[in-house]
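Feature list (source: TrEMBL):
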type	residues	note
DOMAIN	61-323	domain 'Fatty acid desaturase'
TRANSMEM	29-48	transmembrane segment
TRANSMEM	54-78	transmembrane segment
TRANSMEM	151-176	transmembrane segment
TRANSMEM	201-220	transmembrane segment
TRANSMEM	232-252	transmembrane segment
Amino acid sequence: MSKKDLEITVGQIRKAIPQHLFQKNEFRFLVSVGQAVSCTLLLTYLAYNYIPLTWLALPIWVAYAFLTGTVATGIWVLGHECGHFAFSDIKWLNDVLGFILHEALLVPYYSWQHSHALHHAKTNHLTEGETHNPVIIDSKMGKIYQKMKDILGVESFACVQIFNIAVLGWPLYLLIGVTGGSARGFTSHFIVPNKLFPPKMLVKVTASNLGLCLVIYGLYKWYLATSFAEVMALYIGPYLVVNMWLTIITFLQHTDADVPHYDETAWTWLKGALCTIDRNYPLWIDALHFEIGTTHVVHHVFSELPHYNAREANVYVKQVIGDLYNQDAKKLWTSLYNSASLVGVEHKGNGVWKFAKA
């Protein structure tokens with residue numbers, strides 16, 4: 001069976017999963033929230049009390065930022081789950097908790113919830129997908145990227161791309177819609193209306209913006225009461241690592257030389273959803289991220305399924321979809337390098353587009 005001749009249905013996949021795995025347990029979810037938040041705060045407390053704010057301690061602060069940001073990414077993951085209504089059957093409870101978790105990490109909750117829903121609705125659609133959409137190799141931008149790769153060489157090109165994804169990717173996506181679908185062009189998560197946010201989103205986008213303003217004001221007051229160095233060391237450093245993880249996770253879930261994109265003549269929702277890839281994350285990182293990177297195929301098919309049941313559900317999904325299941329056994333950093341070295345997609349026929357060979 002191939003994605004080109006997809007015969008399985010969402011109903012068949014859902015039927016293969018025991019129905020109790022779709023049931024939401026609010027207490028169990030809050031245990032995960034407590035774990036992620038308490039571990040993040042504990043690391044922050046230890047750093048505040050035991051790492052001196054000196055240049056000599058910079059390597060220790062870098063290690064703190066990486067570890068604390070990796071732990072705090074779990075908070076982002078749980079806010080993301082709330083955005084999919086996977087916390088509770090009561091929708092407003094999802095939004096309250098998700099708003100708190102995401103805004104604390106400077107994520108515009110309602111705005112991102114809307115754009116992320118579009119990402120799920122149009123996964124791996126060549127022009128209408130949302131986030132990390134590839135360029136067409138023969139397009140103007142594709143030719144620029146290919147020229148850059150020819151000049152820099154594969155290794156340097158991949159390093160530049162990794163930097164763009166991990167450091168610049170998140171703010172540029174939120175601000176101007178970089179890597180969003182070409183069908184929408186310029187978009188912003190902070191301005192309404194645009195091609196991503198219709199006028200009806202005005203209240204929610206404004207609420208998201210106000211939440212961000214409140215957190216930024218709190219950081220400003222913290223700076224006035226202490227120092228810019230303390231805010232940078234304790235909050236901004238881990239914050240940048242959270243951004244790094246969320247862009248790397250999203251990029252790797254849908255970008256691979258062997259995974260196609262489809263144009264409007266061939267794309268279907270299930271084809272797109274099954275173009276998700278489960279990657280090989282280090283066990284400790286996978287645990288801190290509530291297995292979002294290793295159970296993402298099932299998440300894209302059933303986004304409302306709670307994270308604490310995803311691993312078990314994934315077993316049943318793999319059995320029923322067979323070779324339609326995409327899993328990468330390579331080490332994470334190898335996969336990141338390989339995917340970052342890709343330039344753009346070319347038409348392979350029948351509406352299927354794959355990354356051009358170097």
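The backbone N, Cα and C atoms fix where each Cβ goes, and this holds for glycine too.
Automated prediction, rather than curation, is the source of TrEMBL annotations.
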Is it the case that the transmembrane segment (151-176) and the transmembrane segment (232-252) touch, counting contact as three or more CB pairs under 8 Å in which the residues of each pair are 6 or more positions apart?
yes
Hey, which bits of the same chain come close to the transmembrane segment (232-252), Cβ under 8 Å, at least six residues off its ends?
40, 44, 47-48, 51, 53, 61-62, 64-66, 68-70, 72-73, 75-76, 105-106, 131-132, 165-167, 169-171, 173, 219, 222, 277, 279, 289, 292-293, 332, 335-336, 339
For the transmembrane segment (201-220), could you work out the same-chain residues 6 or more beyond its ends whose Cβ comes under 8 Å from its Cβ atoms?
99, 103-104, 106, 108-112, 114, 189-193, 231, 235
